[in-house]
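Data first, discussion second: the structure below is written as structure tokens.
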Amino acid sequence: MPERLTEMLMDTWTPLIILWITVLPSIYMAPMNQSQVLPSGSSTGLKRLNEELRVLHRSKRGWVWNQMFVLEEFSGPEPILVGRLHTDLDPGSSKIKYILSGDGAGTIFVINDKTGDIHAMKRLDREEKAEYTLTAQAVDRDTNQPLEPPSEFIIKVQDINDNAPEFVEGPYHATVPEMSVVGTFVTKVTATDADDPVYGNSAKLVYSILEGQPYFSIEPHTAIIKTALPNMDREAKEEYFVVIQAKDMGGHMGGLSGTTTVTITLSDVNDNPPKFAQSLYHFSVMEDVALGEPIGRVKANDLDIGENAKSSYDIIEGDGMDIFEITTDAQTQDGIIRVRKPLDFESKKSYTLKVEAANIHLDPRFLSGGPFKDTATVKIVVEDADEPPVFSSPTYLLEVHENAALNSVLGQVTAHDPDVSSSPIRFSIDRHTDLERQFNINAEDGKITLATPLDRETSTWHNITIVATETRNHSQVSRVPVAIKVLDVNDNAPEFASEHEAFLCENGKPGQVIQIVSAVDKDDPKNGHYFLYSLLPEMVNNPNFTIKKNEDNTLSILAKHSGFSRQKQEVYLLPIVISDSGTPPMSSTGTLTIRVCGCSSDGTVQSCNVEAYVLPIGLSMGALIAILACIILLLVIVVLFVTLRRHKNEPLIIKDDEDVRENIIRYDDEGGGEEDTEAFDIATLQNPDGINGFLPRKDIKPDLQFMPRQGLAPVPNGVDVDEFINVRLHEADNDPTAPPYDSIQIYGYEGKGSAAGSLSSLESSTSDSDQNFDYLSEWGPRFKRLGELYSVGESDKET
């Protein structure tokens, strides 16, 4: 370092900034006075610098001219002097001004612009910022012109032990198997120290256990926790609370420390065998208990937990090993004893079993400790119960021929009461299984008889249920299925499998097969069907056809000659006798219809209709169409005649059915009251405005022709109903064709319930001139129009 500094000073005559470095005892250099200055700018200064540098004899240490040091956390009464800047250009006339810039300049670090002293104004923390880079420069105080280039230097914050170790990941949890050997790894903890790990021992940590001995130990430098005591038993103590301390300064006195907790849990191993709570168990069970029903529970306790506590149960000895079974309840680890086969109090009243409980998962390390199993004795007492009857067989199969006689015995079922009291049994048939009541049973001895005839072809099997009931206790009931098979007898004749119709070509050859027919038989012989075919005795010498039996139990129909003609004979009927081989043999006669048809040269049927026989008679197709047209014309005439006959039922008066009008609106006439609905025919009060003549009656034939009267001229503002009625009455009186009745009574009828009273003047004792209709206007708007009509009539008469 001195040689380097000498070279730098000799290379340039530029004035340099000489750093006054305050050296504290903790810095890596020899003590020196704070007023010591490194001169520069002349050969004399260089020699003096070399001489002073040679005084520094400390090995491997050297001056660092561009670094300054300051202790962290310094809290003196005055700002601490970090160092001094000085240039040999300063003659001491205070014309040079020192300027400081960079990290913390002006806030943390302040420079005296006259002397160049640098002070730390605040307390520094190395953990927040370890070093500061600043730039110093000397300028003219008057002109602020730089006297030399800026020089950069570093102020490093020296560390002190002001941070205690911390366990960032704590508290810790760890597990280790129980019964572990000494030195078994448990876990590892880690502490951190924010102090400088390079400088001194501030960050050098040592670990120790404050709580948790003598069970566990910790490596001082690696912080690995291990077991320190052998054969720790989880069943005795499962959880341990360990306190770990980390201390800096290598664990020496004065160091800072931090602690954390480690909760260590011993995990279970299978080191305990199962053990029954008692050596003898007693159970009782009714003899009629259902199969698979539990009758008792046994329990073998195991101090272990989880998979290590699971046990399996078995019956290893006893007189009921095939009668009972034991299974393990997965939830409670109980042994459940169940009934495997039916119990019978009358045959055996008690059983003795020896059950064993054994661990499922074994640990080979602890097998030497003894067998991981235990045994217990179980005594089971069977209690008597009132049992239902027992049939001699679980099912019955009976066979009967379909022609068996009524009331014949088909078979017998038997049952008995297994109880000591042995109650009598009564038998019956469950009629839900014999809805047609084809069978009966003797209630005393169980014999089954036939009640109605059987037919194998209708039903081959009959399945019924027989019920056995104790006479002393009707609630004790047993049932047994009985299958009755109906055996076949030859009681059905064979017949054609289907209705056959054969077609014979006119150009057929002798010996040609016309049709192959087959037969069916409803019976079912043991050796299968075998049919015999023959012609009727009178048809044996049939000149046209013959038959031939085939090996597949079918029959072939053959033509004896050729030259068949539709004109000569269109259809042939061939009766064939079919017989079976049963005992007694049954037979039937079937008739085969053979139709002669026209065929092509290759034998394909083309036409089998009757047209060929019709045409030679002289009727062509056109003639047939003409005959059909005539028939249709006759039908049309009949329909028209019937339609005309129906017109005779028309109504007496010719009118439009849709011409239905309200009386008061169309005629300005008030009827006989609100309840008057049948007083008169509204057809007689048609609107005179639309009538141009009279309507003739159709009920009688008039002797004289009545000339219709010319209609009245329409009235602009309405109709005089009184005049209209008088005219119609006059016409009716003078009509010689009208029947002898007078329709005046229709208008003289008064209805009931009208609040206005009668408005009719037909039966009034006074004339129209004596009537005053002014009161009509007082009855409301409904009678206003009627009052105006009558008022107009009076005024017209006066005029």
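Note: Cβ is positioned from N, Cα and C throughout, glycine not excepted.
Annotation comment: TrEMBL describes 753-770 as compositional bias 'Low complexity'.
The annotation domain 'Cadherin' is assigned in TrEMBL to 87-167 (among others).
The domain 'Cadherin' feature in TrEMBL is assigned to 168-276 (among others).
The domain 'Cadherin' feature in TrEMBL is assigned to 277-391 (among others).
TrEMBL lists 392-496 (among others) with the feature domain 'Cadherin'.
Secondary structure by DSSP for the domain 'Cadherin' (496-618): 10 helix, 52 strand, 61 coil. Taken from TrEMBL, the feature domain 'Cadherin' covers 496-618 (among others).
Under the heading region 'Disordered', TrEMBL lists 753-774.
Residues annotated as transmembrane segment in TrEMBL: 613-642.
Here the domain 'Cadherin' (87-167) has a mean pLDDT of 84 out of 100. As a summary of secondary structure, the domain 'Cadherin' (277-391) carries 10 helix, 57 strand, 48 coil according to DSSP.
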